[in-house]
Amino acid sequence: MFDNQSSNSTGSPLFANTEISMSRTARFWILLLFDVPSIICTLFVLFCVFMDRKLRSSVKNHSLVLLLILGLGTQLIDVPLYLNFILHSSVVPPNPSTCIVWWFMNFGMYNGGAILLAWTAFERHIIIFHDRWISTRKGRIIVHYLPLLFLILYIFTFYIYAFYGFPCENTYDYTLPYCNGSPCYHADPIMGMFDLFTNFIMPTLLEAFFSFSFIFRVVWQKYRSHLPIQWRKQRKMTIQLMSLTSLNLSSNVPLGIFPIAYLCGLPSDIGFEALQYFVFLAYFVTFSLPFICLASITSVYKNFRQKILRRRREITRFAATVRPDNFGMSTMVQIK
């Protein structure tokens, strides 16, 4: 069923050979065992947020919901295509449409997540330190909803154009993961560099800056005011933000440094194996996201459990009222 063959083909240094040395069998089971629980957790969190009015209306949860929805593209399309490749030792079905969809999820949705994470880190400053900006309906529309709408429209507009509208010809190798990994617009000196720096490197740097500056502002606020930090209000948001940032930077920093080094003249064979492992490990950023959201939004489980218990009590109460023991002669007389 599995084999460890790998082949070489010409292409960009980043994706000249997208097969890592880890056996395909190990990759298959690792991805499968992490992807299934991640999908279940994502759907559970989304269900609870959409069903709970308080969680649904909270501005701090909106960017996370969008991140989870983008992550479903990786969980439900990207990973199954990878698993299917391992099973058949080729891309199935072997046609350009499959490759473009795979690229769209692997590049577009992942980079889109990096952009949304940068905005999430910035928005935490607004929620904690400038909450008056979003205290009114007009303020929320201008400061919160419009930026999110703009980012989502930008992400999908850019990548739909890049994969379906940019005037270049893709080459496909169905014997390698991701059809040899690199869409043709990456080779364009303007489009490729714009995508790399604007949609990946810059959001990663901004996310790091806003996240660490958020911690600094929290501590500095306490130092200047000589008052205890309202830690209960800020702790969960801070832990959530730093967990997301640490996880994301551990993968995205190497993925950003290596391409820049190759562009600056570093031989493509140096560090290439390590780079391919970071490409593979990037999946775990998506896998971990729903669990971080679940852990930080503690009321999700609490509210869900309360609803289950409330529904169980209602069923028990209804069952108690319709038991045969409750229908005595007096009840029958009343019915007559």
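Yeah, the Cβs are placed from backbone N, Cα and C, and that goes for glycine too.
Predicted, not measured: the structure shown is a model, and the values here were computed from it.
What TrEMBL annotates here:
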TRANSMEM  28-51  transmembrane segment
DOMAIN    41-293  domain 'G-protein coupled receptors family 1 profile'
TRANSMEM  63-88  transmembrane segment
TRANSMEM  100-122  transmembrane segment
TRANSMEM  142-164  transmembrane segment
TRANSMEM  200-220  transmembrane segment
TRANSMEM  241-262  transmembrane segment
TRANSMEM  274-301  transmembrane segment
Can you tell me which of 28-51, 63-88, 100-122, 241-262, 274-301 gets the most C-beta pairs within less than 8 Å of the transmembrane segment (200-220)?
100-122
Taking every residue in the domain 'G-protein coupled receptors family 1 profile' (41-293), what is their average pLDDT?
88
